[in-house]
Every structure is written in structure tokens, then in C-alpha cells.
Amino acid sequence: MNSTWLEIIIPAPAFAVDLICHEMIELGSQGVTVEERQLDTFVMPDPDEHSPEHFHLKTYFPNADRAEQLKEQIAERLQALKTLMPNLPDIDIELHPICQQDWAEDWKQHFTTTRIGRRLVIKPTWEDFSAAPSDAVITLDPGMAFGTGTHDTTRLCLEALAQLFDQQPLQRVLDVGTGSGILAIAAAALGAQQVVACDIEPQSCLVAAENARLNGVDNRIQITDRALNELEDGFELVLANILAEENIRLAPELVSRLAPGGSLVLSGILVEKEQLVVDALRAFSLSGPNIYRTAEWSCLIYRKEA
Ligand SMILES: C[S@@+](CC[C@H](N)C(=O)[O-])C[C@H]1O[C@@H](n2cnc3c(N)ncnc32)[C@H](O)[C@@H]1O
């Protein structure tokens, strides 16, 4: 489906954002997003981060042919808001017609069967693949959760996982921020007998559980939304594809969940934030890191002293 929508961008001061959003919905907008910060990553904004004074509202209307009429209506609404908020400045809005593609099909084009390392193969549910006997094939439908293997941060983790399993078989693996479950399932497919996968998002836990079932490894993966500090320890491998800041915040818990000699794989780290993580991890008895980079992402691999 390729229908044309109208995207309207409204620069707005912080104090007016809620009311303007409300007005747009009243005018028939099918969705409003508020760009409040430069998103350089994939998860939640830092709650301690200060909000900026100005925002960009993007609001979407299904009927692009109403552009001129909508522009006038929005100008009238903004003018009317000035009676409530005398400090509201004059606002220049931008209008762009945009094509709505069939996103579900569009992103699928970028998720195709991929081999990682010697044995690991990631395959979308809608593709066929003839596996060699030694292949560890995992089949995924990421649903609403993050993790198809196409994102560089996931890929770096999968490469680390494949490399570590090549060095020695690993039995107990912890996947922190499991998303679609891709890393946990890959660990089980490569032979781990007990995998714990946690995520703060209940939706991710549901998707991960379904993907584990689909891959026939649900009996070896325990999926939980419990906090990291409530989980057991003694893991030979701990993977965390979460933000640099989150990796730093959780570092004591991540390290304490490792068995002696265990490996810690930290991903989701922008190259520019790599040093922050390296500095924070110095506080622990770890060797490393071995650092792997793809585009703007870094992945750090540590080993806990035996
Ligand atoms: C970038 S995704 C990674 C998904 C998957 N592991 C992968 O490598 O593709 C990060 C996931 O971590 C989860 N997450 C973020 N902070 C977390 C935390 N403190 N504890 C557990 N999960 C967390 C998010 O909900 C999200 O599903």
C-alpha cells in the first residue's frame, strides 16, 4: 500500500506541547510524535536528562489533499492558544506529503538469512534454508521486539557469541535485555543448556518466549522480566546489548553474575561512549576488553579472573 499522508512539523516551546498535541488530535491527526532530543540510540531516554525548552512536534494526517485547509485550521488553533498562553510565539509550520509504504513488508527486505561465524545461521520465519549438519540455525520473527541480527549491535554480539562457543562449549548464559530473544536462542542453539534471558519490557519477554518456542529451545531458556539483581549468578557468559550508560549503571550486577573465568559481552555502545564504559569497568577484576567495532557501534569483551 502506498497512500500519501501529510506530515506537519510544528516547532513548539515546551510549555505548549501538550495543548498543541491535543489540538492536532482534535483536527483529526492520526499520530503525533514529539522529538525532544537527538536520539543516538535505540532505547529509552535517560530519565535524568534535562528536557530541552523547545520541541519538534510531528503530526500525521491521512488526507494530503487537505493540506491548505489544514494549514489554515492549524494556524487558527495556534492563534486561539495564545489566549491561554500569551507567551506562545508565532509558529511557522512545515508541511510534507509522505508516502506510507507497507512497512511490514519493507523492513522484511532487510532481514534475510545470514550466517555468522562457522555454525550460526539466523533465518527469518518466511525464508527457507538448507542447513548443513553442523549448522545451528535459528528462526526468528522479531514481532514488536528489537533483535533480528540486522542491527550492528546485535550482530557484534552474535559474532562474539559464535567466537566464544568456538573456543569452548558454554553451558550457562545470561542475556540481559533480550528483546526478540535472538542472543539467548543463539546461545541455546550453539549448545548452552541453561540460558536466562531478561528484559524490562513485558512485550519483549512475550516475543522472546514465542521465538524460543518456535526454535524448540524453550526448555533451555528461562525468560523473565525480573531485575538483574534478582537473578542467580555463576554464568559462563553474560551478554548485555543495552545502552553504554545502562551497561555502566548495571556493571556491578553484570560482573557479579559471571562465574570465575566467565566472559562479559557489552554491546549497544556508541564508539564515542566506548571510553566511558572502559573507564567504568576498570573498577572490576576483569581482563580485557577486546574491542570490536562496526560503523558507530562498539562491543567490548571482558573476561572475569578465574
Ligand atoms: C537493543 S535491544 C537488544 C535486543 C537483543 N538482545 C539484541 O541484541 O538484538 C535492548 C533491550 O534491552 C532492554 N533493556 C533495556 N534496559 C534494560 C535493563 N536494565 N534490564 C533488562 N532489559 C533492559 C530493552 O527493553 C530492549 O529490549
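All positions are counted from 1 along the displayed chain.
Here the Cβ of each residue, glycine as well, is placed from N, Cα and C on the backbone.
All TrEMBL annotations are machine predictions without curation.
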Of G117, G177, G288, which one shares the S-adenosyl-L-methionine site with T154, D199, N241 in TrEMBL? G177
Span of T154, G177, D199, N241 as binders of S-adenosyl-L-methionine, largest Cα separation rounded to whole Å, comes out at 15
Ten-angstrom check, please: count other Cβ atoms within 10 Å of the Cβ of T154 (S-adenosyl-L-methionine binding site), all chains counted. 26
With neighbours defined as other CB atoms within 10 A, the best-packed of the binding-site residues G177, D199, N241 is N241
